[in-house]
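The structure appears below as structure tokens.
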């Protein structure tokens, strides 16, 4: 079902409530990586260029007690946003009440206002009440009453049912739309999963099989090949009876891995060789081994033959979805597999290439190939939920066309 988009809404003179994802790192009152703020700019600019009054909502971090609040104020974000837009941004240091309502009433067409961190609502009078993250119906209704229309551009929180995304949207039937970022995520991830150009290859990495079981299960029916790297590969090794030494293995998931292997046939591509280390440390002694891994050694990256094998599988692909690193990416000596795969994806100019997850995204940025890829997903958990084939509450609540 097609969803309303920001371009379908009347904006001139309207109070446009917008859920954005400004959950960015802040240190000493200064925003570190502002990628998520930059990603929201096209939708914000569209709204204000068309005479709308942009009222922005975002969460930042987790708030479980009063003492968490001062360090998680969105004030530094308002300052960075103001610089990026090259215009004033009104910051309102509260999430409800007269101060907020007056500030909204005083807005003119084209103005931008940022409401305090929505998760301030999770703690009231010292009590952890989760009004925002528990989708308190009264809070969603109240926030919805502050505007005329609603735009959700926060794909990163679409898998969560919060008052600031689902709550507002359900109280504005027929007036809740997707922003450009949300629209892009729905298009690329949706097409990749439901209507991919083939061959469709998924690359799944990261430490734990348990995090990706749902994704593997869903994609086995849809992908032509699934490449497995990272720590999760060694639970599959164990399921095949290959010795894994001291490598990471989820013993309680070996049976699940066996079932996946039986179902997958030759669809699943595992590493042929691995870079093993004598301890979990960047300065460990290392060697490359094929097959069994001896006791006292642990696999921390895929080996050169695996890299070549994975490239071989990828070279003819027309759709590629990559989520998760091939090794311990944060240690430079075990980042090579991840970087090699990232570099190779940048050469697949005829394919739709979609990257999600923190380490995979960091790798393509470090390599400078981000602009050669079709789409970099802004939502870690949200993109995994989407790849599992599950409905995302934040998207479901957006009005249908």
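Note that Cβ sites are derived from N, Cα and C of the backbone, with glycine treated the same way.
So that you can see what the record holds, here are the features copied from Swiss-Prot:
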BINDING   21, 22, 23, 36, 59, 60, 61, 62, 119, 160  substrate binding site
BINDING   212, 330, 357, 358, 359, 360  ATP binding site
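Here the features listed in Swiss-Prot are painted onto the structure.
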residue : record                 : Cβ neighbours (10 Å)
23      : substrate binding site : 20
59      : substrate binding site : 28
61      : substrate binding site : 14
119     : substrate binding site : 25
212     : ATP binding site       : 24
330     : ATP binding site       : 11
357     : ATP binding site       : 22
358     : ATP binding site       : 13
359     : ATP binding site       : 21
360     : ATP binding site       : 26
Rounded Cα distance, in Å, between residue 360 (ATP binding site) and residue 23 (substrate binding site) is 19
Largest C-alpha distance in Å for the ATP site residues 212, 330, 357, 358, 359, 360, as a whole number, is 20
Here the 10 Å Cβ neighbour count for residue 21 (substrate binding site) comes out at 25
Quick note, residue 21 (substrate binding site) and residue 359 (ATP binding site): C-alpha atoms separated, nearest Å, by 19
Nearest by Cα to residue 119 (substrate binding site), of the binding-site residues 212, 358, 359, is 358
Here the binding-site residues are 23, 59, 61, and the Cα closest to that of residue 358 (ATP binding site) is found at 23
Here the binding-site residues are 23, 59, 61, and the Cα closest to that of residue 359 (ATP binding site) is found at 23
